[in-house]
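For reference, Swiss-Prot has these:
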- 1-20: signal peptide (SIGNAL)
- ASN130: N-linked glycosylation site (CARBOHYD)
- 184-370: domain 'Peptidase M12B' (DOMAIN)
- ASN228: N-linked glycosylation site (CARBOHYD)
- 322-333: motif 'Metal-binding' (MOTIF)
- GLU323: active site (ACT_SITE)
- CYS338-CYS364: disulfide bond (DISULFID)
- CYS494-CYS530: disulfide bond (DISULFID)
- CYS498-CYS536: disulfide bond (DISULFID)
- CYS509-CYS520: disulfide bond (DISULFID)
- ASN561: N-linked glycosylation site (CARBOHYD)
- ASN610: N-linked glycosylation site (CARBOHYD)
- ASN626: N-linked glycosylation site (CARBOHYD)
- ASN737: N-linked glycosylation site (CARBOHYD)
- ASN777: N-linked glycosylation site (CARBOHYD)
- 833-899: domain 'TSP type-1 2' (DOMAIN)
- ASN865: N-linked glycosylation site (CARBOHYD)
- 900-952: domain 'TSP type-1 3' (DOMAIN)
- CYS912-CYS946: disulfide bond (DISULFID)
- CYS916-CYS951: disulfide bond (DISULFID)
- CYS927-CYS935: disulfide bond (DISULFID)
Amino acid sequence: MPCCLWAALSLLLAVVGAGAWTPPRQPLLLTPRHRRHAQETHHLRLLGWDLKLKENKAIRSPYYKECQFFTGRVLHEEGSAVTVTECDGQLYGLLQVGGEEFVLQPTRTQEKHVLRRRDVTHSERSAEYNLTGDTVIDLDLDFDEDDDLLPTSHVHPRHSDHSDKEYFHDMHLFRRPASGVKGLWLELAIVADNTMLKFHGRERVKHYILALMNIVSAIFNDPSLGSNITLVINKLFLYEDKDIILKYGNIKKSLEAINKWNYRHLMKLPEGSTGWDATIWLTRSQLGGPSGFAPVGGVCTKTRSAAIDRDEGLTSAFVIAHELAHLLGLTHDGEGNCQSEALRGSVMAPTVLATLHNFAWSSCSKEQFHAKSKKWWCLHERSTDEGVELGGAKELSNYVFTMDEQCRTEFGEGFSVCRSVKVRSACSRLWCAHRAMPHVCRSKRAPPLEGTPCGQNQWCVDRVCEPMPGHSKETKVENKHTPEWGDWEEWSACNADCGYGLRTRTRKCKYRGFVSESACEGAGSQVATCWAGSSCAATRDIRSDLCHRQQSRLIPYLHANESNHCEISCVDYAGGSPTNFGALPDGTPCSYLRPFDVCFQGTCVKGQCNSSDTTCNWCPDGYCNNNTNTYTRLLGNGWTRMTMVPHEARQLSIHIATPIPLHIALRERKRDKPILELSKHSKKFDISSLQDNYLKYDPSVPQNLQIVEMDSNILDLKESFRYEGEAITAGTLLRWNQTDTDIYITSESRLQTDLMIMAIPVNPTLEDAVSVDASVNYSTPTGRTRPLEYRWSIERGPCSASCGGGVRLITAQCHRDQKCPPPRYESCNTHSCEFVWASDDWEECSSTCGSNGVQERQLFCVPSNASMLSRREFIKHSVSPVMCSSSKPPHRQPCNRIPCPVYWREQPWTPCSASCGRGVSRRPLTCPASDELLCGPKPRERRRRCRLRRCPSALRVAVQCPERDHAHYCELFTLEQLHRNCEVPPFRKYCCNACRDADRRQHRRYG
């Protein structure tokens, strides 16, 4: 680095440390504003640097016409780059010199600027956006003339008569240099629906969208992509009324609808306007799928160039960049390549993990970007339309969003910055809390935006709260009116009837004689766990019930991160990724091991075990029943039951030693419970990379003594991997690790149902049975002892008669024949010796109508003198049917023999009436009865339009074309793209030969 730059840097640090730098009174840009021309060169002296600037004529700014844009370099500094924006005498600039970045910004004081060096640091992982399945290859669009898909906008789109020439009007040919595209222009239309305006406000939403898209521009201009791409906002649509475009809950239908909307807007543009290359539709509504959805490779087309994104705060910029990349043709990382970069959170990873300080494009994305860029013919030149150009620099935002506004944007209504927890720096991470629960703070693990106010005359710069230019650190002046907290009120009653619940208390903030909700620092309410006084009876697992309500095959899933323990997470029995269904109800235990920790508004409130609670204090004196069992099982080719663990078992440990690889499964002893295979919920680990010793359980040692043997040779040295996993079943969390020779299954909390352990060989083609050893150890609470009770042992002899009344002898046995009572007799079999048929109630009819309905009843042979009123008495006194007469009462009779109503039935849609072009498809109606009069009046058949491929035209096939097409890119289009684009006359003119060849192939296909 030259010596003059060192001097400049030294002076720079001195200026930054001393405060703001005041430029000369004369304008920094030498040419007055009204006399600027694109070919003129401007010089700006900045400390020891000489900035050579040139106005960028291609940049248009209809929304902020008072701004002008310049680009250039620092003289005598190789590889330098400068971007400067002037808005009413205020300068915003980004300087890249010697591998470092410097930001030039105005202060709040007029005619004062500050220059800062950016030291970008890496932040922690951000919130996750799972975008798996966020793409579609083709869309099913049907453009009917009577469709009304253009709702009235308060930022009106431009309309004109329909013209097919507008999309290719004044299109200049562009030949891509061999070294790559030198510059790309991606012109965008941004649509914000009524949910965006309702949340952000009509005036504020414009600034918010520009700030959001500035972040997107910075992502695309990151050095890891090497794109040299410029984003231009060509059109901004704001809809105040609820639109009819989005199909809420069906993201694919919504994507098809907005692409149809986009097509109609492009077709209605005035002649001479090229429109835009892609459209971003922003909404805060639930999409019913990923946070974004886009057609792959749809840019530069009219029918597939729109993407939909859900606004979840400024971090949604990474989702927008992700979907824009899909429109450009980029695919997900990890789909065959760049798996490691996807796991680190690249922009095109299926699960996006990124922050404003930590994002990068993978090598696969970079390779795809530059390989596909030659096909983006619409991006090779800037149009003549007006638009807001986004430079991609990471300078501080021009529009200041306070921390409260950022919290509301990220988490929703009612959220503001958390004030109940003291943090070292408010700029290191954005913490937010809801006004109903101010003591519970949440974060998406990202810092506030650059330039966010963090105190009086202070703002956030590189995650540090620093004084604004022109201000130094000020000491706080003692205020006579200091807000003060009042005393805490009494705790509320425990909200649980049994077990553990929650109680709350509040305090009020007093300021200037009034009660204030925000003047005092700290929390105005507290929540704590409480003991209701008695344990609850055996209850069901609420997590299992909630997952079962969503789908019968779902079981609970417990995240490794404790901060997510109060979320309803479920996973399929057959494995796969967990799905989140919101927060658990208040009062639900946070985990299975600590039932005294209780969930409240999605956050776990820690508690303590009550000494009288038998759920957690189940072994108070240390004397518990320890159960140890060993088994040897012979395995065949099917599932074999290894053992059955009873409910109420705690501290469970199972060890299975096997000579062959096994599949292990768990099954609750309940009806209709599917088998849970451990292999479907396991992860593979490389043993050679692990340095842990493995626990070898000795079944002869009671587990409650917690004695284990450390043995590093328990695994066969030939094995190179093992499997680990966990799952929730039988109301407890089970963990396991498995190799080809050993399986360990453990659980600490109580089993709510009996649990069956089963095994099957991995390769079930055994000729001989294989012997497998299993040891099971668990503990149960010691039952209460009862006082000794001594009773006589009574024996009854046989009855002297089988019916009609008899007697039998009763004798008593006692110890050593002492104090034995004398024998006695009792009557027996007093029922009559005559038996009759008794009938039960008629059952329900087998049909509600028709000619086949029958109903049945059950017959019993019972004594004639028995008085029985219930079915239970019939069964108790019934005897063999041979004791009754052969003439039985009827046990079956016809019922509901009435005609059934019949209705007209719709048949499947008929094929299209035309083999090509437009036609009609109908849905016939049939009457299932023999006479159509029984079905009533025949309703009108439903009809719909259908359209197949365009009918081939002999005139088009025979059309005369020049020797070569006018445009070099015609040969790059696929056959499907040619079928669509050749409908536009200007395109057919430029690509005459390509369109004629496509018509001939289609003519041969249909001919």
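Using the three backbone atoms N, Cα and C, a Cβ is placed for every residue, glycine included.
Looking only at Cα atoms, ASN228 (N-linked glycosylation site) sits nearest to CYS951 among the recorded positions ASN610, ASN626, ASN865, CYS951. A sphere of 10 angstroms centred on the C-beta of CYS509 (disulfide bond) encloses 18 other C-beta atoms. ASN561 (N-linked glycosylation site) carries neither a helix nor a strand DSSP state and counts as coil.
All protein chains included, ASN737 (N-linked glycosylation site) registers 21 other Cβ atoms within 10 Å of its own Cβ. For the pair GLU323 (active site) and CYS364 (disulfide bond), the Cα-Cα distance reads 16 Å.
Same-chain residues at least 6 positions away in sequence with a Cβ under 8 Å from that of CYS338 (disulfide bond) are, in sequence order, SER346, SER362, SER363, CYS364, SER365.
CYS494 (disulfide bond) sits 14 Å from ASN610 (N-linked glycosylation site), taking the C-alpha atoms as the reference points.
By a simple count of nearby Cβ atoms, those within 10 Å, the most crowded of the disulfide-bonded residues CYS494, CYS536 is CYS494. Spacing of ASN865 (N-linked glycosylation site) relative to CYS927 (disulfide bond) is 58 Å (Cα to Cα, whole number).
Counting residue by residue with DSSP, the domain 'TSP type-1 3' (900-952) contains 4 helix, 16 strand, 33 coil. CYS530 (disulfide bond) sits 9 Å from ASN610 (N-linked glycosylation site), taking the CA atoms of both as reference points. For the domain 'TSP type-1 2' (833-899), the model's average pLDDT works out to 86. Of the listed disulfide-bonded residues CYS364, CYS520, CYS927, CYS935, CYS951, the Cβ environment within 10 Å is emptiest of other Cβ atoms at CYS951.
Mapped onto three states, the DSSP output places CYS364 (disulfide bond) in helix. Around the Cβ of ASN610 (N-linked glycosylation site), 20 further Cβ atoms fall within 10 Å across all displayed protein chains. Break the motif 'Metal-binding' (322-333) down by DSSP state and the numbers are 6 helix, 0 strand, 6 coil. Every protein chain shown contributes to the tally, and the Cβ of CYS912 (disulfide bond) ends up with 17 other Cβ atoms within 10 Å. In this structure, ASN561 is the one among the glycosylation sites ASN228, ASN561, ASN626, ASN777, ASN865 with the smallest number of other Cβ atoms inside 10 Å of its Cβ.
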